[in-house]
Structure formats: structure tokens, C-alpha cells
Amino acid sequence: VTVFAALLVLDVRRLQARRPDCLPCMVLPPPPRPAAAAAGAGGAGRRGAAGRAPAGSDDVAGFDSPYAPPGRTGAVTMTKDDEPPPYIGPSSDGEVDERSYWSLQRVLQAYFERVHAPLLALPGVQCGVLLLFGASLCACLAALPRLEVGLDQSVALPRDSYLQPYYRDVLSQLRVGPPLLLVLRGLDLGPGAGQLRRVCGVAGCAEDSLVNRVSAAARDPARSFVATPAASWLDDFMAWLSPDLPSCCRSRPDGAGPSYCPPPDQPPCAGNASACAGCQQCVQEPFEGGRPSVAQFQAYLPWFLGARPSEGCAKGGAGAYSSAIERADPSDPTSVAGLLPSGPQPGGRVAASAFRAYYTPLSAQSDFIGAMRETRAFATKASKELGLDVYCYSIFHVFFEQYLSVQYDAAVMLGVPLAAVVAAAAALSGSAWAAALLAAVLASLLVHLGGAMLLAGIQVNAVSLVNLAMALGIAVEFCAHVLHAYMVAPPQHAQHGAQQAQQQGGLGGELELEPSASPGAGRGGRGKRGRTAPGAAGGGGGTGRGGEGAGEEGGGGGGGKGGLPPALRAAAAAGGRAARSRAALVAVGASVMSGVTLTKLVGVVVLAFARTQIFEVYYFRLYLALVILGAAHGLVLLPVLLSLVGPPPYGGGRGGRSVRAAS
């Protein structure tokens, strides 16, 4: 809008100055002109400034050209060798001659003027359009819950990547799930807190303890996605310390205090029995209250974390629980954070510990998301009912956490831009009615895009949500131009017809257009010199008021060269929503088709040949659906809705500045 427009103007000036593209410092000489063209009166050799000589004549003097541009009439001299193409008339691209008359824009304009707009004006076609879009909208709404959430890893890689076979083998052959850690923070080991009973899973623990809950979930893996019971360091420590296993926890008296003595089948005891002759069991009496005391935890839990399992004692914690408990000293694997008193902390707590289980084999994206959702719900429920601080963790959680709130993110990413578009439309058009109609069409387009995503195999993720937000902005281009032309259709077409009639009649003064209350109505525009432009109004009468007689070239209501077509003129004369909708579609339909639809269609087709599937799936397929559905909504559904329930024009139906009908 700013920099590109300025550069474009500079480039046009370069072309007009006949300077080459790569060498703008050079100026090319003008092309040679025939001598006969140079001798023509008044510069008749210029393109579009003289008429075509009648066939069979070598030289015609005094020929009054009917193809002369506006303001140029009179006798010219031409030869057979100097025959410029006939002057057709002005257009948005400048003066048009015979060589450029049948351009794509004109073909599209003829299609919308003669086929598309008249077809949408038929009541049967309008009923069919509404039924078709209504049925497809209901089908897409029903399909939205079936959209898959996630991002397949293989889609983000090139088709010939060496990781593609790896992912295929993992999904088809791997039969073990990822590990699941239930992390418990701030476990109080004191008997008064009663937290040990709510965590452990051995005899004497609560039936609904944390470990027992995991075991119950593992018995229903189809729902919980948990495949195994939890490995509990707390249960194994109490069994290792229990007097029932005399070979596990043993100590040797020492001058500085008791020291750890390994089981008999481990060195140095296994090779030299005398080396462990003084070893004795750590706890010889049953636990008071059935659970170890805080002092026993502080004395023997570090030993348990360093004890290696063996045939004589399989409950050693080295290896199995080396990383299950938060360390007070990262370099000491047997230290426990919060266990010993430290400064103001009294000790007797385990800062953080993990209970390990395993998921069921997960292959699809929905399996990973469902597993994370279920285990998080499990941890939340356990924390609330047991009064513990529990959360779950697995290696894939960080990648799939975004999908737990994807519905909310989608509502925000699409709802906020849609509300902004509606607010801008209401502010610029001055009509809440028009803004609501635009919002309804855009919402329908988004729902249809959701249905297209299901058919095209596009999953809902961050990439597709960003593309949907961009698609919403692009979709405005398909609808806003038609809606704006509908709101200003009466003054635009009336003024255009008046200017065309002024140019064809060779009037020098500018037209002063007067207000009008109905679309397509109008009288001849009154020039500053008191002359009336013939056929000025696209749909006005043939008589011009306040000027010089009747507008004969207007063809009885602006049907002359350059005005609206007769069918559209008749509809505009009747006024109403249908006429304004048809006029708006004829005015901007070809521009929307060529400027938005076809250009984006050509741009997206290139992405179909990308080596990486993510460009083909999330860009080519989605934007192709956007172009097709956007054109259908903007050029089919919206004109039908405007013809049935369209808002009034600018100014509450007065149409701003238009041309009034002649009486």
C-alpha cells in the first residue's frame, strides 16, 4: 500500500520516459513513424486519435472518425499504410484498442454480466444455493468433532528422509509404551502427617493410596493408557528395611558410628566371610506403628539408594531408584533433599520423588494426546482426594501439551480476528447489518474449511491454526468488495453512466451529480455550462432536465455505449435489493475472480510439488480449499443473501451522491 505503490509509480514513470529496466540512465529513441502519419492533421497518427479509413480507399480527406477519442472530432487525413486500431473507449487500465479488447478481464466481465449475475437472480437458483450451502454447513458442523488433533512427525520431514522408515517401524513394530512418572512433592515422613499411608501400596496402606490407584488404573489400560503398576521406592525401602528380610539392611559397628554392610552374596562378604563377621541386622524389631520412624528414614534411606540388588537381596535401590528422589547434593546419589535438617528446615521430608509406571504402546497422535489427558486427570484427582501434591510427566508431554487447549486456542485465534473484521466493517460501512452479514458468511467459510480439513487429512495444530487465521484475513477479500459495491452500487453506477455519456457526447464540463434515493434511477447529469449529458444515468430516463433536450444516445435510460446492460438497467430501474446485488456482482465480480481467486490459485499450485509434505498438506491443500470455498461464498452465497436480506445503502437508503430519475 505504501512502498510497493511508490515503487510501482516510479517504474511506470521509467517506462513512460523510455528508459530500460536494467539501465535506467539510458533513454531509448522514439520508434520511427510513417511519413503519412506525421503529415496527418492535428497529430492524427497517434494511437486512438484517428479513425480507420474506409476499406478500398488509399487516402481519405475530411473523414469524420466515429472512433475518435472524447473531445477529438473533425476531418483527418489517413492513408492505407497508417491504420491505427480503432478507439474502443476508456477502461480501468487506460485506453483500450482492438488488440487488447478480448482480455481475460473482459471475458470474466462478460461472464459475470451475461451469465453469473442473471443466473443468481433466478428464484429457483437462489433457493438451490441456500439449500446447498445450508446442507453443507450442517455436514461440516457435524464433521468438526471428528477433526484429528496433532502433527504427524513424518509430515514434517522430506519424503526421502532416512527417518521416514524409522517412524513407520516405530508405529508398526514397537510394543512398549513410554515411561510415566508420577512425581510427588513435599512428602512428609512424620507419623503425625499420615501421608505415608496415603502413598504406599503394601499391607496396612490405604486402599485408595496413590500406588494402589496406579495399580487399579493398570487393570483398565484401554481407558487409562497405563500398562503397569507403579514401581514404588517407598514400598521397596520399607521391605528392604523390614526385619523380615535379614540379608538386606545390615550394619557394622564402627568407631565413628555404624556403617553399611552388604548382603552375604556381595563382596567383600562373598569372598571373605570374616570381613562381614560383625554385621548385624539394621532393625531387629517390628516398626512402631507399622511404619519406619523419621530417624530410621534419615539413617537408612541413603543406604537403600546405594544398595545394589542381588540374589540375596533383590530390594536394593541402586539403579532402580537412583534418580527417583531429588538429591540434596547432585554429586551424591545417596543424598535426599529435605531429609536431614538444614538451617531452618527441620528435615523429615522428601522434597520430590517419582513413582515410575509405563504407558501402553502409543502410535497415533490421538493416542499420545489421550494418554497425557488421562494421566493428568488422574494426577489432579489424586492430588485433590488424597491431599498430596502430585503431577505426571513423560518424555512426550512437552511436545503434546499444546493440544490439550487447542480448542480454546482455535476459538481465540479465529474469534478475535473475526470480531475485529466485524468491528472494522461496521465502522467503515456504517451498517451493523452489513457487518453481521459479513460475519455470518465468514463464519460459514471457516466451518466449511473445517470440513475440508477433515476430507484433506489436515490435522489441527499450531500450523493449521495459523493458516486458518491467515485464511480468515484472505477470505475478507472475497466478500468485502462485493459487500462494499452493494452498499454504494446506486451512486457508483449512476456516476459511471453519466461520465460515459459525457465522454461520448464530447461535453467539456464536469458533471455535478445530485442525490438520489433509489438504485439505478437518475436524470441526465447537469454540466457547469448548463448542458445535459445524454444517457447519463444507468437506468434513468432519456430526457435530461435543465439542459438541452433529450438524451438520444442514452437509448432511453442509459443503454447506450459504455452504460449498464439493458437487463441490469431494467432491474436497477425497479430498485430493491436484487438490483443492487446484481449491479454489485457485475461491478466487482470479475475483479474478485481475477485479482483474488485466480492469482492465489496459481500461487498455491506450486506448493503441490514440494518435497516436504508439510507444505503440501498444510499449505497447498488448505489454501486450495480456501480459494474454492472463498470464491463460492463471496461470489455465490453472499450475492444471494444480499438480494434477499441485504442492508440499505449508505446514508440510510439515500445512496449518498447519485442521479435522480427523470420524469
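Cβ coordinates come from backbone N, Cα and C, glycine included.
Remember, TrEMBL labels are computer predictions, not curated facts.
The signal peptide feature in TrEMBL is assigned to 1-17.
Sequence annotations record features per position, and here TrEMBL assigns region 'Disordered' to 34-94 (among others).
The transmembrane segment annotation in TrEMBL covers 410-428 (among others). Taking Cβ pairs closer than 8 Å, the transmembrane segment (410-428) reaches residues 434-436, 438-439, 442-443, 446, 460, 465-466, 468-469, 472-473, 476, 480, 483 in its own chain, all 6 or more past its ends.
Positions annotated as transmembrane segment by TrEMBL: 435-456 (among others).
Remote same-chain partners of the transmembrane segment (462-483), defined as residues 6 or more beyond its termini with a Cβ less than 8 Å from a stretch Cβ, comprise 151, 402, 406, 409-410, 413-414, 417-418, 421, 425, 429, 434, 437-438, 441-442, 445-446, 449, 453, 584-585, 588-589, 591-592, 596-597, 600, 614, 618-619, 622-623, 626, 630-631, 633-635, 638-639, 642. The transmembrane segment feature in TrEMBL is assigned to 462-483 (among others).
For 494-504, the entry in TrEMBL reads compositional bias 'Low complexity'.
Positions annotated as region 'Disordered' by TrEMBL: 494-562 (among others).
The compositional bias 'Gly residues' feature in TrEMBL is assigned to 536-562.
As annotated by TrEMBL, transmembrane segment applies to 584-610 (among others).
Sequence-distant contacts of the transmembrane segment (622-645) (same chain, six or more residues past either end, CB-CB distance under 8 Å): 116-117, 120-121, 126, 129-130, 133, 437, 440-441, 444-445, 448-449, 452-453, 456, 458, 464, 467-468, 471, 474-475, 477-479, 481-483, 486, 577-578, 580-582, 584-585, 589, 592-593, 596-597, 600-601, 604-605, 607. Feature annotation from TrEMBL assigns transmembrane segment to 622-645 (among others).
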